[in-house]
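According to TrEMBL, the domain 'Tetrahydrofolate dehydrogenase/cyclohydrolase catalytic' annotation covers 6-121. Taken from TrEMBL, the feature domain 'Tetrahydrofolate dehydrogenase/cyclohydrolase NAD(P)-binding' applies to 140-286. The NADP(+) binding site annotation in TrEMBL covers Gly166, Arg167, Ser168, Ile232.
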Amino acid sequence: MSAALIDGKAVAASLRERIADDVADFAASAGRVPGLAVVLVGDDAASAVYVRNKAAACAAAGIAGHEHRLPADTSEEALLAVVLGLNADPSVDGILVQLPLPPQIDASRILAAISADKDVDGFHATNAGRLATGLPGFVPCTPLGCLHLIRSVGPDLRGAEAVVIGRSNIVGKPMAALLLGADCTVTIAHSRTRDLPEVARRADILVAAVGRPEMVRGDWVKPGAIVIDVGINRIASTPGRTKLVGDVHFAEASAVARAITPVPGGVGPMTIAMLLANTLEAARRHAGLA
Ligand SMILES: Nc1nc(=O)c2c([nH]1)NC[C@@H]1CN(c3ccc(C(=O)N[C@@H](CCC(=O)O)C(=O)O)cc3)C=[N+]21
């Protein structure tokens, strides 16, 4: 391996320390702590793990975590009522409704109901529009974390070729908007892109967010590129065991790249750190301290 490892866990840990200090300052000025409500519908095992991690991260940062667990058969109207209650609760600065939601619930209707000023996930159309037009708002946590990691190894992004593989509303599109805002030349590639390996090879900054285990091979990577792997895929390893892999074939890509994120320990921990940062920012705005 020749690439430098981008240690997301370490970057996230130092950010979280700084956030904890800033939370303490906020509490001293505002006379209250920031609050984050996390709503989990159903009992998906992976979602339960993420929600637990978020709760622990909140506690460590001095943010009050309000956890709402609802049964898998919760109706859209009932979830909507929970969201409206959280919108009206002054102790709640940020609201996160864990995705995916069960099939009887229209996720877009729920996301639209979250107050844009409490939307610390940055999924509300108002915040997507603010990001697209360069206005201040909430930026989705995963792409925001990716941008931090990219800047930690390549601070000057002006004029760089960036290729984002994946066009989701929660990662690919906001990632592209952030890179464009940093003056990169941005290509969004996806499953229908012709000659995807060739397009990927143009990238000085390659972000993989497709959800296909180890799809990006070594010969898709330009020598010297920065590679950010957003994928978290659980696959079978030795009989009876599983392991986590990204969307990038790590061994191959790290022989070619200048710097690369691992999975786990790369983008995932940054997502949670950014959620804390967005929650603190929401609290400052609500308290008139932004
Ligand atoms: N409304 C909403 N907002 C989200 O931000 C959201 C969501 N729904 N649904 C699920 C995804 C997934 N997600 C992760 C966060 C942290 C890690 C993370 O910290 N991963 C560690 C450990 C992974 C493990 O061991 O399972 C790592 O990559 O090193 C992973 C995944 C947030 N999500």
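Numbering starts at 1 and runs along the chain as displayed.
In case you wondered, yes, glycine gets a Cβ from its N, Cα and C as well.
Unlike curated records, TrEMBL annotations are generated automatically.
Within its own chain, Arg167 (NADP(+) binding site) has Lys173, Ile188, His190 as residues 6 or more apart in sequence whose C-beta sits under 8 angstroms from its own. Looking just at the domain 'Tetrahydrofolate dehydrogenase/cyclohydrolase NAD(P)-binding' (140-286), the mean pLDDT is 97. If you draw a 10 Å sphere around the CB of Ser168 (NADP(+) binding site), it holds 17 other CB atoms from the protein chains shown.
Among the record's NADP(+) binders, Gly166, Arg167, Ser168, Ile232, no two C-alpha atoms are more than 16 Å apart, and one pair sits at exactly that spread. Taking each of the binding-site residues Gly166, Ile232 in turn and counting other Cβ atoms within 10 Å of its Cβ gives the largest count for Gly166.
Across the domain 'Tetrahydrofolate dehydrogenase/cyclohydrolase NAD(P)-binding' (140-286), DSSP helix (H, G, I), strand (E, B) and coil residues number 56 helix, 30 strand, 61 coil.
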